[in-house]
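Asker: Sharing the record's features from Swiss-Prot:
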type	residues	note
MOTIF	31-45	motif 'GSX(10)DXD motif'
BINDING	Asp43, Asp45, Asp77	Mg(2+) 1 binding site
BINDING	Asp43, Asp45	Mg(2+) 2 binding site
Amino acid sequence: MKTLSEIKEILRKHKKILKDKYKVKSIALFGSYARGEQTEESDIDIMVEFDENNYPSFSEYLELIEYLEKILGLKVDLITKKSIHNPYVKKSIEEDLIYV
C-alpha cells in the first residue's frame, strides 16, 4: 500500500505532463488517503482544476484517469473542482484537500 508521501511524490514528478498534456491547473488529494484512513482496498480521490480556456474533452478526461491509475498503481476517483455543486459535499471535500 502506498503512503500519502509516495503518492504526492509521484504526482509531483508527473506535474509537467499533467499540465502540458492533460491541461491540469491544480491537483489535490482528498478522502481516505488525505485523512490517513486508507486501507488496502482504498481508491484514491483526486480533485483537479483545469484552465477555464483549455478544458479537456471527455476522452481526454478519461485518458487522464487512466494515466493517473497507471502512475499511481491505484484505482482513481477523479472529480473536477467545478463539478461539486452540493455545498455540504464541497465543504467536506475542502476539509480534506491536500494540494500537490
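Cβ coordinates come from backbone N, Cα and C, glycine included.
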Asker: Compute the mean position of the Cβ atoms of Asp43, Asp45, Asp77, which form the recorded Mg(2+) 1 site, and then list in sequence order the other residues of that chain whose Cβ is within 8 Å of it.
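Answerer: Everything else in range on the chain: Gly31, Ser42, Ile44, Ile46, Lys75, Val76, Leu78.
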Asker: Same chain only, sequence gap of 6 or more: which residues have a CB within under 8 Å of the CB of Asp45 (Mg(2+) 1 binding site)?
Answerer: Leu29, Phe30, Gly31, Ser32, Tyr33, Ala34, Asp77, Ile79
Asker: Sequence gap of 6 or more, Cβ distance under 8 Å: name the residues on the same chain that satisfy this around Asp43 (Mg(2+) 1 binding site), in order along the sequence.
Answerer: Leu74, Lys75, Val76, Asp77
Asker: With every protein chain in view, how many other Cβ atoms are within 10 Å of the Cβ of Asp77 (Mg(2+) 1 binding site)?
Answerer: 14
